[in-house]
Structure formats: structure tokens, C-alpha cells
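Pulled from TrEMBL, these are the features on record:
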type: DOMAIN; residues: 5-61; note: domain 'DUF1858'
type: DOMAIN; residues: 84-146; note: domain 'DUF438'
type: DOMAIN; residues: 184-306; note: domain 'Hemerythrin-like'
Amino acid sequence: MKKLDLKKSVAELVREYPELKEILAELGFKDIMKPAALQLMGRIMTLPRGAVVKGIPMEKIRATLEAKGFTLTGAEQQARQAMLREYITRLNGGESLETVRADFVRHFEDVKAEEIAEAEQDLIKGGVPLKDVQRLCDVHSALFHDCSESESKEQEALRKTAEKTHAAAAAAALLTTDDLPEGHPLSLLRLENDALVRHLDAIHHEMVGAGDVAKLTGLIAGLNAVRSHYAKKEELLMPMLYDYGVTGPSQVMWGVDDEIKRELGVITKALKEDSESYPLYKGRIEPLCARIREMVFKEDRILFPLSLRYLTQEQWFMVYRDLFEMGMAFVDAETMPRWPEGEAWMKEQSAKDLKPELLEGKVKLPTGELTLKELQGILKLLDVDITFIDKDDILRYFLNEGKIFSRPLSALGREVYNCHPPEIIPVVRQLLLDFKAKKRTHMEIYRRIMGRPVGVRYAAVYGADGEYMGAVEFVQDYQKALDKFQK
């Protein structure tokens, strides 16, 4: 059996196996017959990269070469990327999701979920649009469950094989998510997901039955609690994974989360304004619920095992501390089990933070002075969210009294870009660049968030000498003020 090392260039492979030139030419690499092209591009181009450039399916290349007596080795990651790019191209070209899914499982049955995640991450780094990788995310997770009775035994077998592929990610960790103690952050997030699935089941029951539109409208409105669940994974788990260089899966999921939230907002608003419009939106509610179910699966099989693999015990304590502060979704926080180790850590941290001598220290300002304790008391009375980032774009302080945008304590000391959805990051980056260059000193946005009038003001902070010191964000709910004026 002749071995082809895919890490080698095409020129190297042809020198090793001259007969390869004719085979590759027949596959579509016509330029390989030109000596100049082989010497120039062939010396830097690998077979997987060439497949992407020429648009030749890597699986076709593999099948042809194996039929000619070759065994392909090495550069598995490159080969996977080439195949994943091919799947994206096929989806964008209009090929059915089911066909692409079947091919995916056949060729990735022995690959760990972590390796697939790494390949997707490399695609993003290589310039593949995030929205395209999000489509690929549906390919490798949507096929694992919810089989219809009409599906063939072959498709069922493919799904079972693929399920083992993703489940392997958890096996790489010291524990699986099923082994975690009660009250552990992942155990709590899974309880939220269990309750979320029951909520989706209730919606499905109403939609397939006689359907009480008023009840259904209420259930769909209640589905907005998923925003809190998504916020916790986006603010607590994903930024910590970024610190370990695991960005691809998080960016893809965050993008899908945003799509789900936008669609849910449109449907909720429409039904609230006119419940009789339900028939118009029924065709959008069903796929929305399906996508939310898919996200439950992705979290359980990809995000949670990856988090368990990378996060330290100290980081889990930090996640636990912030989890309840950000609020529980679909479950009663009072009935949720507590994590003894996490509670002990929080108690220890609290004792460190509340040193009496610090609280009695004076903060001297141009118009007076306050003890730190007094200042804390005053700030807690402000019905506003405040976030300050320093001149290096690091989040240094926040106040959550307005309860509009949650901020976890674990976000302190983190780059502000890791606290925002991928699609917003370019906007934030440009705003801060403008502040530093003094092209503008503030920006205001007024819009409705969850039906409430909210104002967001971003302002640059400059010292007496004009030096840029950072930026502050103020977020305020104006509903109470409007109600007073309207009386």
C-alpha cells in the first residue's frame, strides 16, 4: 500500500509517486501537467488546500486515490477543514441539509467533537464568514436526535454513529457532565435546559392540539426567559474559553443565539400586539422552537464538555458566584440545589473583600469627601447600569442596579471585546478608536428592549490634560419616568 502524506506539498508527492500526476489531472488539477505550475504552486500547495482552491470534493479525491492503491495519512486537520469548507459550499449552493448531514457523518464518525470544533475555529481564523460556519454547526448537531418514523435504518445508524462522535468530547475530560455534583454551575445550567425543553413541549402540545391561542401566546412570551440562559453561557463560559484559545464554537453559538433572540422578539411582539395574527406566524414558531432544541443539544454535547475540560476549579467557583446574581431561567432559584464547595469559596471571598479599614477609608473629591462605605451606599441607589473600561479597553468597574444588561464579576479585568457578540465587536472597536482620536466624545442609542424604553449612552472619559482615560456606558430604563409624565 502506497502512503500519501497530506502534510507534504503536491510537488513532493509527485516526485515520490510520478503516476500521481495523471491521477490528479483527471480529478481536475489540470495545471499539474504544466512543469512551471508544478514547480511554482506545487511546491507550496498541499492536496487539501488545492482541493479547496479548485473546488474539488476532498472525499472524491480520497476515494479515487484509495481505489488506486494509496493510503492517505497526515494533515488530518487540513483534510477536515477542506471537507468542512466543501460542506459549506454545498449548503450555500442550495444542496439539502439532509444530504450534507449524511456525508458529514460518514466521513467524521471517528473524529472527536473537540477536533471538529478546532477545525471550525481554524476556518473562522482563515476568513470563512461566521454565518457560514454557523450553518455547518447545524449540520453536525441537528442530525443526532428527533428522528421521524419515515427515516431509513441507514440514516438512523448514521445518527447513532455521529452521536458517539460528539459524546467523545466529554470523555476527554476528567469528569463527564453527568458526574458533576448537585449545584455545580453546569448541573444548574442543565436543569435550566431540562425546564426549557418542557416549556417547548408545552408549546408543541398547544400547536398540534386544538390550540388555545391565548395560552400559546403566553407560553411563547415566557420563552423569552431563554435570554437569561443564553446570557449566562455567553458572559460566563464563553469568555473563559476564549482565554484558552477556544473561540470557534463560542463565536458560532453566540451568533446562533442572537438569531434565535431576534426571531423570538419579532414573534413575541407581533402576538402581543395582535394575538389573532398567530396563523401568520405559526410557520415561523415551529422552526424557531426546533432551533432552540438544537441549541440545548449543542450546549450539552459541545459547550459544556469543552468548558469542563478547560476551566479550573477556581473559575468554576467564579461562575457559580455569578450564576445566581444573573438570575435563573425557567426554574425557581430558591429551589435550586447549592454547591457546598462554591458556597464556602464565596464566603471566603466575601471576608477578604469586606475589610473594615478599607470601607472606612476616605475618597476625596473636588466637592467633598465620602467614606468608601458611604460611596457604595449611594451608588446602590442609582437606578442605572454603569460600566467603565480603561484606556487599554479592559473592563474595570460596573454597577448593575438598573438590571438591564447583566455583568458578571468574572468579567472584571477582561477585554471589553470578549463581553460582546461577535457581530457587535467591530462597532465597539470603532467607537473606542474614535474616542481615543477624539473624533467623537459620546454616542447615544434609544430603543425598546423587551418592550421597555431604554437609553444607552457611551461617553469618553478624559483627564484635565485631555488625556484619554477610558470610556463609560450608562444604561437606563425610562419606563417609570414615562409613566409619571403620562399621568
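The backbone N, Cα and C atoms fix where each Cβ goes, glycine too.
Looking only at the domain 'DUF438' (84-146), the predicted model's pLDDT averages out at 67. Assigned with DSSP, the residues of the domain 'Hemerythrin-like' (184-306) fall into helix, strand and coil as follows: 113 helix, 0 strand, 10 coil. Across the domain 'DUF1858' (5-61), DSSP helix (H, G, I), strand (E, B) and coil residues number 37 helix, 3 strand, 17 coil.
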